Amino acid sequence: MDKSDSLLQSSSKGLRSSIFFQGSSRILTFFLNQLTIRLTSPSAYAFSSIHFEILQSTILFLSRESVRLAMQRIPSENAIITSTSTESNKSKKLSDQLQLIKNTSLISVYIGIVISLLVSLFYFYSLPNFPYSKTCIFIYTVSSFIELLSEPYYEVLQWRQKFSKTASAEGLGTIICSLLSFAISVLGRNKAPSSLPFALGNLSEKVTIFFTLRYFAKQPFSIFLHKVGENERYIFWDSSTLRIICSHTYQVLLKHLITKGDKIMVAWYASPSAQGPYALASNYGSLLARIVFRPVEDHSHIVFAQLTHYKNKKDEKKALNLLAWILKLYSYMSLFILFGSNYSDIVLLFGAGSKWASPDSSSILSWYAMYIPFMAANGVLEAFYVSAANSSQLYDQGKCYLASAVFYFITGKFLLSWFNLGSHGLILANILNLSLRICFALRFILHNYKDFSLPRSLPRPFLLALSILLSIISSFLVKHWRESKVPFLVYFLSAPSLAILYSCFIILVDKDVRGYAKILLSKYYIK
């Protein structure tokens with residue numbers, strides 16, 4: 001078995017573990033969060049899911065994303081073992097590479113100190129007054145920095161291809177967070193509404209992740225650099241890795257503005273009454289993204305970077321086949337969403353409760369569901385682009401990010417203020433923005449990789465037509481249920497019935513899906 005097949009197998013094992021832990025933990029925490037939301041006011045939930053989520057993601061993303069992207073191109077532990085002949089050289093090379101990885105990951109910690117101070121100070125002076133708001137800002141800042149301190153352990157496990165370990169740590173942290181948030185919400189249900197339960201839950205999550213990753217990595221804790229000897233000279237970092245980090249920094253900043261642009265605009269332009277329903281829709285609508293799309297994107301970054309780094313035709317073909325396989329599955333998930341988005345009323349009624357189940361919240365959730373396929377496709381396409389592109393092409397991507405960021409904020413403000421579309425306008429602006437980025441990434445792939453076949457990644461025309469027909473049927477049912485012309489039980493049971501019917505047609509019509517299912521159940525082997 002060659003190195004690329006070994007990488008695909010270890011990655012597929014990690015991906016299955018990641019999806020399992022993300023799925024099980026997210027489903028468990030989903031139900032706990034619904035109980036917590038029922039005890040929380042819309043304004044308190046909006047502060048937690050929008051304002052404080054922006055604070056934390058800004059600290060984490062700007063501090064570590066460019067470092068993570070650069071380190072995905074570093075040869076794995078297994079690659080070094082198989083490529084080094086003598087035992088003495090192997091031991092020395094592994095030891096040096098391990099220390100370089102820990103040194104490089106500490107860059108995230110050092111950058112995080114500065115960014116944490118700047119972002120927290122900005123929030124202290126700009127955030128609207130709310131019960132325990134200053135305390136929550138401090139807690140979210142501290143919890144973000146604790147997660148940054150776990151970066152050396154995370155990167156060591158990634159280098160060793162122990163992907164299931166990182167997935168376990170994140171899953172356990174999520175469960176602890178939900179349990180503590182719910183417990184504090186129950187204890188403080190008679191007090192003034194605040195985001196404090198979510199803040200303390202978030203802190204417990206990051207502490208859990210830190211100690212779990214440290215246990216799995218089995219490395220001593222240190223925030224100091226250690227020299228590494230190389231060719232009779234000593235270094236702290238590999239110069240080529242530093243160049244890649246610098247080349248990613250500009251794109252990371254722009255990508256963060258684009259990715260969190262909707263929440264930034266909701267936080268600063270939308271009314272407090274509109275922030276709660278949008279935060280809830282974002283929570284529900286991105287559940288599938290957090291369970292499936294995020295683990296797939298994270299592992300795709302690693303696999304694509306390793307398979308395209310050495311410009312080997314055989315490995316490149318495996319990467320392209322894997323990309324086509326993922327896009328194919330995403331396309332069918334998107335067609336499920338096409339008719340499944342009409343059942344948002346059921347999700348709100350059984351999830352957040354009747355006080356959240358307004359027509360406006362249901363409409364926002366349906367629109368957000370239509371946005372998810374664009375988010376999924378863009379994630380895996382950009383993962384391939386970032387992994388395969390050279391420095392000049394990464395600079396071109398930065399220009400694309402800048403153009404799409406300007407386009408997004410202008411379009412969002414235009415739809416939000418001039419057309420008074422509110423949250424619907426922001427979702428539409430997001431879809432238009434991601435469409436531009438998808439076209440940019442596809443252009444790069446089609447131009448540089450002639451073996452990639454886009455039609456192979458698309459659903460069969462018959463299945464697309466069937467999804468549209470099922471969408472019309474589900475729209476008819478929800479309309480007549482709201483008018484009390486159809487019993488709730490009929491409307492409720494139609495959801496799983498249509499999903500099962502559509503699944504059967506996919507298996508019958510598309511023979512590729514049957515082959516992909518076998519791959520998913522056994523192991524990744526890309527012919």
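Glycine too: its Cβ is placed from the backbone N, Cα and C atoms.
The transmembrane segment feature in Swiss-Prot is assigned to 42-62 (among others); the stated evidence is sequence analysis.
Residues or ranges marked as transmembrane segment by Swiss-Prot: 106-126 (among others).
Per Swiss-Prot, transmembrane segment is recorded for 137-157 (among others), and the stated evidence type is sequence analysis. With a threshold of 8 Å between CB atoms, the same-chain residues lying at least 6 positions outside the transmembrane segment (137-157) that come near it are 52, 55-56, 59-60, 63-64, 67-68, 71, 98, 101-102, 104-106, 108-109, 112-113, 116, 119-120, 123-124, 127, 163, 165-166, 199-200, 202-203, 205-207, 209-210, 213-214, 216-217, 219, 221-223.
The transmembrane segment annotation in Swiss-Prot covers 167-187 (among others).
Annotated transmembrane segment per Swiss-Prot: 319-339 (among others), in sequence order, evidence recorded as sequence analysis.
Here the transmembrane segment (364-384) has long-range neighbours at 277-278, 280-282, 284-286, 288-289, 293-294, 296-297, 300-301, 304, 308, 319, 323, 326-327, 330-331, 333-334, 337-338, 340-342, 344, 347-348, 423-424, 427-428, 430-431, 434-435, 437-438, 441-442, 445, meaning same-chain residues at least 6 beyond its ends whose C-beta is under 8 angstroms from one of its own. Marked as transmembrane segment by Swiss-Prot on the basis of sequence analysis: 364-384 (among others).
Taken from Swiss-Prot, the feature transmembrane segment applies to 402-422 (among others), supported by sequence analysis. With a threshold of 8 Å between CB atoms, the same-chain residues lying at least 6 positions outside the transmembrane segment (402-422) that come near it are 254, 257-258, 261-262, 265, 269-270, 274, 428-430, 432-433, 436-437.
Annotation source Swiss-Prot lists transmembrane segment at 426-446 (among others).
Remote same-chain residues near the transmembrane segment (461-481) are listed as 332, 335-336, 338-340, 342-343, 345, 487-488, 490-491, 494-495, 498, 501-502, 505-506, 509-510 (criterion: CB distance under 8 Å, separation of at least six residues from the stretch ends). For 461-481 (among others), the entry in Swiss-Prot reads transmembrane segment, with the evidence type sequence analysis.
Residues or ranges marked as transmembrane segment by Swiss-Prot on the basis of sequence analysis: 488-508 (among others). Nonlocal intrachain contacts for the transmembrane segment (488-508), taken as residues 6+ away from its ends with a CB within less than 8 angstroms of a stretch CB, comprise 332, 335-336, 339-340, 343, 346, 463, 466-467, 470, 473-474, 477-478, 481, 514, 517.
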Ranking 42-62, 319-339, 426-446 by Cβ pairs under 8 Å to the transmembrane segment (106-126) puts first 42-62
Counting only residues at least 6 beyond its ends, the same-chain positions whose CB falls under 8 A of a CB in the transmembrane segment (319-339) are 8, 288, 292-293, 296, 300, 303-304, 307-308, 369-370, 372-373, 376-377, 380-381, 384, 388, 445, 449, 451-453, 456-459, 463-464, 467-468, 470-471, 473-474, 498-499, 502, 506, 510, 512-513, 516, 519, 524, 526-527
